[in-house]
Amino acid sequence: MDESYNNRTSLVKGAKDIAKEAKRHAAKKVSKVVNRAADEYSSQRNYSQFQNEDEDDDDGRYTYTQPDDYASDATEGHDDEDEIYEGEYQGVPADGKPRDGHDSLGQLVSDSMRDRKDLEQERQADEEELAQQYELIMQECGHGRFQWQLFFVLGMALMSDGVEVFVVGFVLPSAELDMCVPNSGAGWLGSIVYLGMMMGAFFWGGLSDKVGRKQCLLIAMSVNGFFSFLSSFVQGYGMFLFCRMLSGFGIGGAVPIVFPYFAEFLAREKRGEHLSWLCMFWMIGGIYASAMAWLIIPHYGWSFSMGSAYQFHSWRVFVVVCALPCVCAVVALTFIPESPRFFLEMGKHDEAWMVLKQIHDTNMRARGEPEKVFTVNRIKLPKHLDELVEMQSDSANPVAKVLFRIRTELRGIWLTFMKCFNYPVRDNTIKLAIVWFTLSFGYYGLSVWFPDVIHHLQSDEYASRVKTHNNERIEDFTFNFTLENQIHTNGVFVNDRFISMKLKSVTFIDSTFQNCYFDDVSTVGSLFKNCSFVEAFFYNTDIDDSKLVGSRVINSSFHHNKTGCQMTFEDDYSAYWVYFVNFLGTLAVLPGNIVSALLMDKIGRLSMLGGSMVLSGISCFFLWFGTSESMMIFMLCLYNGLSISAWNSLDVVTAELYPTDRRGTGFGFCNAMCKLAAVLGNLIFGSLVGITKAIPILLASTVLVGGGLVGLRLPDTRGNVLM
C-alpha cells in the first residue's frame, strides 16, 4: 500500500512538474510572438538584421545577426518547438487568446481567407523593411567597378535610343525621295516611328516588372537591332515603314528599363548624380547620329545597284551604321546580371544574394581589398499575396500554350498598370504624366520647328539669289555643266546639246526647244512650264511628264529614261548645314548635363526640374527676334542647354517615385506619354512652319511653364530609399 501511495504521489508530483514546465514554455513562446509582432509592425521599423560593427571594431562593415526566428534546436533547445501543452495544441496560448493565424478551434486560417487589406498592409510593411535593409546592403557593397561597368553597358542602350530619334529626321528626306513617296505619304515615317516607340515603352516597361529588367531589355534591343538592319535593305516604302515601326517598338523599351535597372544598383547618396551622368549617353547618341549623317548621307557615290530593281544609296549605309550601338549593347548585356532588387521582389532570395555578393566582391577587388567578406546571409523578402492563376491543361497544343502565356503576360501588365493609379501613387502618376507630356511636346515640337524655320530662311535667301534670263536665243551650243537656281523665260534653243549635265532648281517658262539633244541629264527641283519640244531627242534622262508642266512635245522621242527618283547632288550645301546645325544643338546640352549631374543631389530634383522647364519656356520668347540663321541656331543651342536639366531630373524622379513591383510599368507609361506628345508636337508645329511665329512660341512657352509648375508639386525623392 505504501508503495502504491508513493507511486501515486510521484505521479501527481511529476504531472505538476510537467504542467509547470509546459506553462513556462508556453509563456516563453507567447513572449516571442509578441516581440516578433512588435518588431514587424511597429511604426518605427528598423533594420534589425544589420548591426554596425563600429561599436566593436573600426572596419565599418555591417554584419548580419540571425533573428530569433531562425534559431536552431542546438542553440535554443528543442523543447521550445517540440513540447506543447494541451491548450496550445488546441490553438489557445497560455494567455487564453487565439494566436494570429488560428481560429478559436485551433485551425490554421490561410492567407486567402484573411482580409486582403491586412495582407496588403503586411506586404507594405515588408517592403519598407526590405527597402531599408537593401539600402544598407548597397552601402556595404560600395560603389565601384561593377557600377561603372553597368554604367557603360546601359549607356550603350540609352545611346541607341538617342540615335533612333535622330535617324528619323536625317533619313526622312532621302528615303522619301529615293522611294518616290508622294506628298500624301510624306511625313508618315516620323510619326510611325514615334508611335512604335510609344507602344514599346508601355509594353516593355510593364513586362520588365514581370520577367525581369535584363531579359526585357535584351529582347527589346535585339528587336530594334534586327529591324534596323532589315529596314536598310527593303525597297518599298510601305515595308520600310513597317520595319522602322518595329524598330521603334524595340527601342521604346530602352528608357523605361535602363533607368530603373541602373537605379536598383545604386545607393541613395549616389543615385541622383550617376543617373544624371547616364543621361549623357542620349546626347552622345545624338552627336553620333549627326556626325555619321554628315559624313555618309551626302556622299551619294557610295551607293550601288543590282539591276534596276535594287538600289542601295548612301542613306541606307547610314541606317546600318546607326544600328551598331544597339548591337554592341545586346552583346554587352549578356554579361551583366539581373537586378537583385527585382529578384527580391519575386521572392528569389538566393539569386539576389549571389548578385549582391558579385557586386561586393567586384568592388572590393578593385579597391585592393579582396579579403573583405560579404557579411549578409539572409535578406528580408516581402510577403506574396495569393492570387488566382488559371492553369492551362497539359494536353493543350504548343500554340495554345504560347497564346495563353501571351494573354497572361498582357493581363499582368494591365493589372500592374492599374496599380499605378491606386493610392498613394495615383496622384504622382498623374503629375508625372503631365510633366512628361508637356516637356516632350515643347521639346520635340520645337525640334521639328527649328530646322524647318532655318530651312525656310535658307530657301528665302536662296530664292533671293536666283538668276533670271529673258528672251535669250542659243543655237548650236553644248551644255555639259551644272545649271543651278535659274529662271529662263521666253527662251529659244535651236540645235543645242545637253550632255552629262545637271539641272538644279532651274525653271524654263514659255521656252522652245527645237531639234535639241538631251543625253544623261539629271534634274532636281527643275521644271519646264508651258514649253514646246519640237523634234527633240531624249536619252537616259529623268525628264518625264511630272517635269513637263503644260508643255507640248512634237515629233520627239524618249529612250532609256531613268526610272525611280533621283537623289540630290554631292555638293548639296543644305544637307551638310542641316546635319551641322543638329550637331551643334546636341552638343549644346553638354554643359547642362554636367551641371545637372553635379547639382542633382545638392539643390534637389524638383528645383532642377521646375527651374529648368520654366527657364526653357521663358527662352522661347526670344525666338520672336530670330530673323537670321545664326540667331536661330544660337536660340536652338540655348533652349537645348536649358531643357536638358529637366529631362535628367525627370528621369531620376520617375525612377525613384514608383515601388519596385511597378517601377518599370510606371516609367513605361510616362515615356509612352512622352512619345505621344512627340507625335502631336511634330504634327502641330510642323503645320505652322512658314505661317506664323506667334502660335508655336506661345504654345511652347505655355506648356513648358505649366509643366514646370506641376513638377514642383511632386514629392521630393532626394532622401528616399527605393521602395
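Every residue gets a Cβ built from N, Cα and C, even glycine.
The compositional bias 'Polar residues' feature in TrEMBL is assigned to 1-10 (among others).
What TrEMBL lists as compositional bias 'Basic residues' is 22-31.
If you look up TrEMBL, you'll see 41-51 (among others) marked as compositional bias 'Polar residues'.
The compositional bias 'Basic and acidic residues' annotation in TrEMBL covers 112-124.
Per TrEMBL, domain 'Major facilitator superfamily (MFS) profile' is recorded for 150-718.
The region 'Disordered' annotation in TrEMBL covers 1-126.
Nonlocal intrachain contacts for the transmembrane segment (150-173), taken as residues 6+ away from its ends with a CB within less than 8 angstroms of a stretch CB, comprise 187, 189-190, 193-194, 197, 217, 221, 224, 228, 244, 247-248, 251, 254-255, 258, 261-262, 265, 274, 277-286, 288-290, 293, 297, 315, 318-319, 322, 325-326, 328-329, 332-333, 335-336, 448, 451, 579, 582, 586. If you look up TrEMBL, you'll see 150-173 (among others) marked as transmembrane segment.
What TrEMBL records for 185-204 (among others) is transmembrane segment.
The transmembrane segment annotation in TrEMBL covers 216-233 (among others).
According to TrEMBL, the feature transmembrane segment maps to 239-263 (among others).
If you look up TrEMBL, you'll see 275-297 (among others) marked as transmembrane segment.
Look at TrEMBL and you will find 317-336 (among others) tagged as transmembrane segment.
What TrEMBL records for 432-450 (among others) is transmembrane segment.
The transmembrane segment annotation in TrEMBL covers 576-599 (among others).
Summarising the annotation, TrEMBL assigns transmembrane segment to 606-625 (among others). Same-chain residues lying 6+ beyond the ends of the transmembrane segment (606-625) with a Cβ under 8 Å from its Cβ atoms: 435, 438-439, 442, 446, 592, 596, 599-600, 631-632, 635, 638-639, 642-646, 648-650, 653, 693, 696-697, 700-705, 707-709, 711-712, 714, 716.
A Cβ distance under 8 Å defines the sequence-distant neighbours of the transmembrane segment (631-653), meaning residues of its chain 6+ beyond its ends; these are 255, 259, 271-272, 275-276, 279, 282-283, 432, 435-436, 439, 442-443, 446, 450, 453-454, 457, 581, 584-586, 588-589, 591-593, 595-597, 600, 605-606, 608-609, 611-613, 615-616, 619-620, 622-623, 625, 704, 708, 711, 714, 717. The annotation transmembrane segment is assigned in TrEMBL to 631-653 (among others).
Packing against the transmembrane segment (317-336) from elsewhere in the chain are residues 149-150, 152-153, 156-157, 159-160, 163-164, 167, 170-171, 214, 217-218, 221-222, 224-225, 228-229, 231-232, 251, 285, 288-289, 292-293, 296-297, 302: each is 6 or more residues past its ends and has a CB under 8 Å from a CB in it. Listed by sequence, the residues of this chain that lie at least six past the ends of the transmembrane segment (239-263) yet keep a Cβ under 8 A from its Cβ atoms are 150-151, 154, 157-158, 160-161, 164, 168, 175, 179, 188-189, 192-205, 208, 213-214, 216-217, 220-228, 230-231, 271, 274-275, 278, 326, 339, 651-652, 654-656, 658, 663-664, 667-668, 670-672, 675, 722.
Of the ranges 216-233, 275-297, 432-450, 576-599, the one with the most Cβ pairs under 8 Å to the transmembrane segment (665-688) is 432-450. Counted over residue pairs 6 or more apart, the CB atoms of the transmembrane segment (275-297) and the transmembrane segment (576-599) come under 8 Å in at least three pairs, which marks the two as touching. If one looks beyond the transmembrane segment (216-233) by at least 6 residues along the same chain, the residues whose Cβ comes under 8 Å of a Cβ in the stretch are 157, 160, 164, 200, 204, 207-208, 240, 243-244, 246-254, 257-258, 261, 312, 316-317, 319-320, 322-323, 326-327, 329-330, 333-334, 664.
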